[in-house]
DNA sequence: AATGAATGAGTTTTCATTCAT
DNA sequence: CATGAATGAAAACTCATTCAT
């Protein structure tokens, strides 16, 4: 039943948009009475939260799965970062419909928590790479934060806006950004080594 | 009159948040009747759009002004990028209240156009630097897009979330990211030169 | 418009009872949209309050009018109290339908204020009589309070429950109660005269 | 089981008020399923009725017990009426919480029957005294009805509203009212003495 | 008997929008 | 142009009651 409702919620969200995401419509879609919905969720926003949490977890899992599937990561290899970015891109593309609603229609407040969770997980993944790559940044945490924020927006917007950049080129750019940047040393990254 | 309404709209937005941003409340704040409001704006969303457009223009202008004030930019100098980032940060900080509402409460659809305009202007600013810096990227447009997306999210989130990174350090990181990256050469940025 | 709504509210209250007193039904009866109702009353309970206040005022006025019509009151005359009681009874009978709803269906909280106002006015009327009658009670205020509470319930219940007591007999009893009582002297009322 | 439910109903009524008195909450409090509740009570109002009946009986009993405890009543003695009033006051004070809910939140319809039963019993008690006191009223039944209505409201409102009248003074007034009144001369009260 | 998940009609309230003045 | 009273569709949420297990 919870399953049915959450699935219906997701369908309504993607199909009709957040403006039309009403408790009655979700109930309709789930072929359930509005009252039943309130037996499992305290209010409408709880429903959104659950959908968001699941989606965020799915993305995390997909990223993790992708990485696992591509074998052990040699963190010395620049390709490692490419792998992470690739996995993230694929994960976002898997449900671009929901991504669009979340990013463009949902007030950020509604998915803040899920987004934070995702960012944290990606930051952790990145941290492994960064530390192993022997980066010399004065503040590794700051650097990780910066990279994650950068990659997040770039990946999302690429999927949603489809700028005239091929997937491969984008991955090249992302690798350059995170990689070149990471192996550099803060503000002096551009000086000869 | 339009002036009065738009100003009232902005006040209501910042003071009461988007949830409480109702046409009636805006009319009240503007000391105008709700009917009058519809003589100048086709509907509620048009109001939001105008507020967003103005704000976006303000930020553009502030960035431009900052740059102009700091004298001619030597695009060969890494400090140039720092200047742009600094100006952007200041512009965003100038009305952090509105920034928060826009970013966290407004469904993105509502400020999409304004955001695009801003991104474009910043991209143009950046393009000057990038080309002059003699970057060897296969696709300068792609690179500019990537950098702008990265900087946008980083700057906004830094202002809103106030992570434990000093302004100076953030600027260092941004400079490293855009600069080191820009002077590199795409996917090969990390190979010995 | 306010008039129309209040009148409709009263009609619905009397005709359908408090259980069926819904904002939509009142709007229907007033041939007005539910929204209009909320332009003049903050919420449903405000509507009830206004109906109650008006009704309470009507009763006060009717009592006052009755007394005025019957000429100057000789407070020395026991008949004076009979006049007050008579007037009160008539006033209550004038809209027995509403009285029934108020007393039997409305939770007291809803008409507490109106009831208090009425009690106070009657108490004031009574006070004139009591003091002039040269009562020797230790605590005139207490006595007035007691009499008003007594008369209130007796009058209301007589109108609503129609016990087998004629109007005249009831007035006799009430006069005896307030009059005999009043002219006595508290706990010593039963002592030989 | 019935016991458990009725007790729970009473608890919920006193603790949460009538607005929050829902069948589900009663079931919760009784640690019973809502379905079970409907095996013993046809509907919600039946539940209220039973609680009211019990409470009314309790008050009757308490009054009777008080009187019994204070020894045989000398009906010629004015103190007799004082005793009845005192007993009633104590009985009402014993569960002032419930009294408040019943009087102020419950629509009277809900406890009409119980109230009638109580009134009848008190009227009977009073009748003994009145007849023995050799009252000369034309209609003893009418007089008893009047006194009971008077005392009922006075006692209840004194307990609930706590006017600035001491318990002793109140009893004095009540005694004067019922006693003086009773020993007076009813229908002849208006004729010169 | 006991359960408790499911119901769904119905409630109060909001607010973007209109249109006669 | 300006007004602002009026609108009314629709939203979130409740709760007495049922009935298959």
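Using the three backbone atoms N, Cα and C, a Cβ is placed for every residue, glycine included.
What TrEMBL says about a protein is an automatic prediction, not a curated fact.
Source: prediction; values computed, not measured.
The DNA-binding region annotation in TrEMBL falls on one of the ranges B:2-21, B:22-41, namely B:22-41. Note on the DNA-binding region (B:22-41): residues 1-2, 4-5, 7-9, 11-12, 16, 47, 50 of its chain, located 6 or more positions outside it, place their CB under 8 angstroms from a CB of the stretch.
For the domain 'HTH tetR-type' (B:1-59), DSSP puts the residue distribution at 46 helix, 0 strand, 13 coil.
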